[in-house]
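Here's the structure we're looking at; comments come further down.
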């Protein structure tokens, strides 16, 4: 990453942590909850959310849910358990192999073909979401999101799956900022150092699947989204043109994942268009 | 003649969005507390009675300046001067972001926010009508003027108040946190600090900055309220992010010394400014920005 961009993206760690912890306390308690629940994958994003939530609410008020599939890497579960031990937080391990395999056994028969890795990955992400929202009701706890700004912009996530949550403390942090803040709050080294992976199939890594590095993505996204440079201006600065275009297109194509469903306007006042209230309305 | 040293309180509160009743109660509490601490004035943040992003709640939370809720605070100003802010609805049903200065049980001055930010994360002009003037007024703390948040980001506004002999600028605000990057020295907070320090020194005034705290749908209002003296120093600073009441002692003798030492206001050429602006407006090819 270029030194000037790296410096521009460098967080004031203490302030960022305190704003995010305040955010969690305020937005959780305002709507009448005390507790939160979240999926803990063994990756850096959910680890950071876990540390922030624990710092904000206290260890008794958070609940980590580990949801391995049979092909999940054993090191993922081990890394997640290290977070659980380090924070000394309550946790539940919920195997999702049973429901996933049962589903595809039936669906593959119905469709007469084997599901693609993409469909299987999406189904796993949604199975985890369904589990978290069930535990949300069981434990009277809000679901905390674990998607960062880079993946939200790239649309590198499953709609109504890992992208679903009630509140997301890390959604305005680029991946490099997630790494910086994670080191600050004490996320274990093994998690800080490993290659990011959705772990939906063996040997998957995000960067291999995306075809570019998170550093490249952060650098280009920051200049386009935050600094409002045009793609042409970014290319002028010496970035690879096809990469810039590819990333910009990806963001545009995935805008739908970041929005609630659109509603056909018929009346004078339509939800999502001119019925304007914050979600905090009434709280 | 007012005494040289005066105590000013700032209520750095987290208003509850759309809950006039709860916010009124908090105002009453803080006013009592400031009064007990011997303050002569308490300043509340912008839209302290309603919360900031009222959006379509505007229609519900708007009150006339003579409504019983507003009057209940004006009544409390028998003990201590109070500057507070709410959504004002006029008889012809326009909605303003308004601040009232009340003293001795009466409204002494009303300011309607002139500059309504409608860009980026802000959407004020969608809901509110803009005020159309900056008037200084006599208060028990000397000649004062009010700038509501974005008003203070326009150079001409504090200038106009200073030219009307204001020595005290009161700035109720709902300023959100933007940019926690290290290089930006935490963004909006740093900008406000530089701005107010510079105004205080250029115009030889005390400035009371009352910014709210709390969160609205993930938007963080950072607080950082305080009082800046005419030499650019902070007499008191509230913590960032926490509700609190802070009190500062303003010494008008400092204004006197600063204005004598660096007489920028004295040397200001109001006629020159007025005639050049007038000439500019007369020019056939002149297009005022934004109009």
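Backbone N, Cα and C atoms are what each Cβ position is placed from, and that goes for glycine too.
For the ATP site, TrEMBL gives A:39, A:40, A:41, A:42, A:43, A:44, A:45, A:46, A:146, A:197; the one candidate out of A:113, A:175 that the record lists there too is A:175.
Cβ neighbours within 10 Å of residue A:45 (ATP binding site), excluding its own Cβ and spanning all shown chains: 23.
In this model, the domain 'NAD/GMP synthase' (A:19-261) carries an average pLDDT of 96. When the Cα of residue A:126 (deamido-NAD(+) binding site) is compared against those of the binding-site residues A:41, A:43, A:197, the shortest separation belongs to A:41.
When the binding-site residues A:39, A:43 are compared by the number of other C-beta atoms lying within 10 angstroms of their own C-beta, A:43 comes out lowest. Between residue A:45 (ATP binding site) and residue A:151 (Mg(2+) binding site), the C-alpha separation comes to 10 Å.
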